[in-house]
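Over in TrEMBL, the protein carries these features:
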- 5-25: transmembrane segment (TRANSMEM)
- 7-139: domain 'EamA' (DOMAIN)
- 37-54: transmembrane segment (TRANSMEM)
- 66-86: transmembrane segment (TRANSMEM)
- 98-116: transmembrane segment (TRANSMEM)
- 123-143: transmembrane segment (TRANSMEM)
- 149-169: transmembrane segment (TRANSMEM)
Amino acid sequence: MNKQIIPYLAIVIGVLSVSTTAVLVKLADDVPSAVIANYRLLFASLILLPYVWFKKREEFKKLAARDWLFTILAGVSLALHFIVWFESFQYTSVASSVVIVTLQPIFAFIGTYFFFQERFSAGTVISMLIAIFGSIIIAWGDFQLANEALYGDSLAFIGAIFITFYFLLGARGANENICDELYLYCLWHWRDFDYHI
């Protein structure tokens with residue numbers, strides 16, 4: 001296979017995988033949200049296990065306590081994100097839930113501004129305001145329909161906050177000193193551990 005095609009193929013597969021998640025979870029409405037969330041990345045971590053074991057095993061010894069702490073916190077945040085987001089599908093529409101949970105970049109902008117002193121262009125700020133305005137319209141429409149839908153929107157909103165913590169911990173904390181494969185494996189391992197607790 002042409003090596004230039006591989007990145008584009010990976011993007012297509014990634015987009016299809018992410019974009020179908022909400023619909024598939026909605027179809028599995030009889031299954032508890034925590035169970036669905038647990039299996040979401042369980043198989044991926046099992047697939048990654050042989051590679052980590054044979055190629056990256058020695059790097060476990062290089063991990064400091066700080067690396068473990070950030071990885072565990074990121075795993076907990078990811079677990080809580082999936083649980084509350086998947087639960088939101090029981091109360092609100094897929095469209096509303098997805099639009100609200102994808103407000104995550106806004107929270108990430110705010111987090112990086114206060115914690116990492118990053119600055120943004122005027123266009124970025126305008127885009128954030130438009131996204132917030134759109135979410136308010138959706139939430140107001142659901143409020144007019146039923147309190148149950150608004151509760152689902154609230155769960156999706158909380159899910160957006162948890163996924164923001166996950167990204168901030170991963171981008172600026174946990175994986176600075178860890179290779180990507182090892183970080184993902186540790187993250188998914190702790191995420192599964194959280195579900196079982």
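First residue shown is number 1, and so on along the chain.
Note: Cβ is positioned from N, Cα and C throughout, glycine not excepted.
TrEMBL annotations: computationally assigned, not manually curated.
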Query raised in the report: Short question: which residues 6 or more past the ends of the transmembrane segment (98-116) have a Cβ under 8 Å from it?
Result: 22, 85, 88, 124, 128, 131-132, 134-135, 138-139, 153, 156-157, 159-161, 163-164, 167-168, 172
**Report entry** pLDDT averaged over the residues of the domain 'EamA' (7-139)
**Finding:** 78
Requested in this report: Would you mind splitting the domain 'EamA' (7-139) into helix, strand and coil residue counts from DSSP?
Outcome: 112 helix, 0 strand, 21 coil
